[in-house]
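Beneath this line is the structure, given in structure tokens, with notes to follow.
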């Protein structure tokens, strides 16, 4: 009966079940499945005898013609640790050296503390950064090209997820530029060496950048000449490249800084637990630091510089492991950076460059105590021993006064109508009562369709979720982003928006501050902000890099506090001013507008260097509040900075009747002290 059971050549009389030999003294050796049923009666016993026995010793046998085994984590280019190498099982070589080939532990194989900026760069070994470049014998040696990584960082030609320059990019040459300070360097007109490093220029070409923008033309020589900088440039004008290009170029030319001598006792398995970055970039939101980090990876490709990013709301363990592998350029939010400093995992003693991006918000909206602690309360070099760079689209006067504490002999750079908007953006203002906003929004979306990306701004987190759900119920593919969402939810929402799977994004202004999202064709201010500077930043999400865009604002009498500034903004950008705005402005002449926060915005000369304006911030100073546009009183803080010994209170109602009234910024939920919660990060 056994002879009849044969299913697909599997028989009970198979050799693996047959007696081993005469007398049935034992069973045959086990036959692996891939050797069963071999034609011609292969000598399976010999094959089985040749098979390696189980256990770790099987992998340690001597090899002929193969490189010596060994692990060198700091040298990814070593032939015995390359993925899918030709020798070894599964294409991988041994993890354990064989007897006779075992080498003594070499601490220098993991990176020498004097040769890698922070951790890596072991005497000629790769730091495994953005492209495995090296700093060896005082020279920068770029790593080999990596086609997969190039596609990830730079995309492919005509990649829809990578925005190219628009039809109006050439108009940037007509933008007015004002640079004030002593001995301002001459601008550059092309990406050339000098002043830039050749390797950086090759990465700029990979990114398909043709010519520098106005802010880059001036910031590159200013930073390369060792000067501090306060730069104002309209949204979408290339500010990120304005500080990354000179910082990375000098890093490629000068090499890493030596780790302090006392750090040598902090090594663990050849690695230091504490990072010693040479450049620090601070920004207010998680999304913005991630965006800057992506740009840093792009331009540090194939170099020895390893960029890292840390921010709140994400797993701190993975961020610690990231900086342990090497950290030369650190992009961070202030809160998470303070946390890592307290944990003893980051030292600022080697900082050569400090960058504050969106600096006006960083200093104004509750981060000032944390920034002062980072800059003045830790081991960061003093203002005279480092370069400090501040970038933003708006720099109101009182924020300039605060910023002077962090700068030395700086150059003030004003590019374009700072605090204004690009003429590439077509601005439309519609009179819409609150109860009609949803129906008008649907009309706009049906009219414009979803061919491009549409960004809708609301004031509250609750409204962001409610409006997103409403649009989904109306069969519009929408998603939302705000401060109460987890970091993973925010990243997923942004990714779906960037890839156009959800071409409509509902966002709070704080969450989307500074984001460079390609191909946003329409920005809708569903809730108009109470601050004209916020309006500038919101609509600046479109019309970037010379591309054109549309910005629509829903206006009603509840927004009359910004009506005068809005009219001035529209006139400056040569946009149509609706008649209802003029009539409401005449009705509300008693309000006078706040001129930005407490009179700091457009009425406060947000694009002028305060050093050239004369006067002090005391009693004889020009009036800032509503006084720029009428209204009683009007002196900022009652003629003194802040109106008292405590932190300044911005406003005092419309017209800025006194600086002592009503604190601004409370609506943003930010702390007055360093330990309070913050909705910014």
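Easy rule for this one: first residue shown is 1, then count along the chain.
From the backbone N, Cα and C atoms, a Cβ is placed for every residue, glycine too.
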**Report entry** Matching range for Swiss-Prot feature annotation, motif 'Q motif', among 160-188, 189-217, 218-246
**Finding:** 189-217
Query raised in the report: region 'Disordered' per Swiss-Prot sits at which of 586-619, 620-653?
Result: 586-619
Query raised in the report: Which stretch does Swiss-Prot mark as region 'Disordered', out of 556-576, 661-681?
Result: 661-681
Query raised in the report: What does DSSP say about residue 238 (ATP binding site): helix, strand or coil?
Result: coil
Report task. Work out the three-state DSSP category of residue 233 (ATP binding site). Result -> strand
Query raised in the report: When you measure from the Cβ of residue 239 (ATP binding site), which residues in the chain that are at least 6 apart have a Cβ under 8 Å away?
Result: 215, 231, 233, 357, 391, 392, 393
Report task. Using all protein chains in view, find how many other C-beta atoms are within 10 Å of the C-beta of residue 237 (ATP binding site). Result -> 26
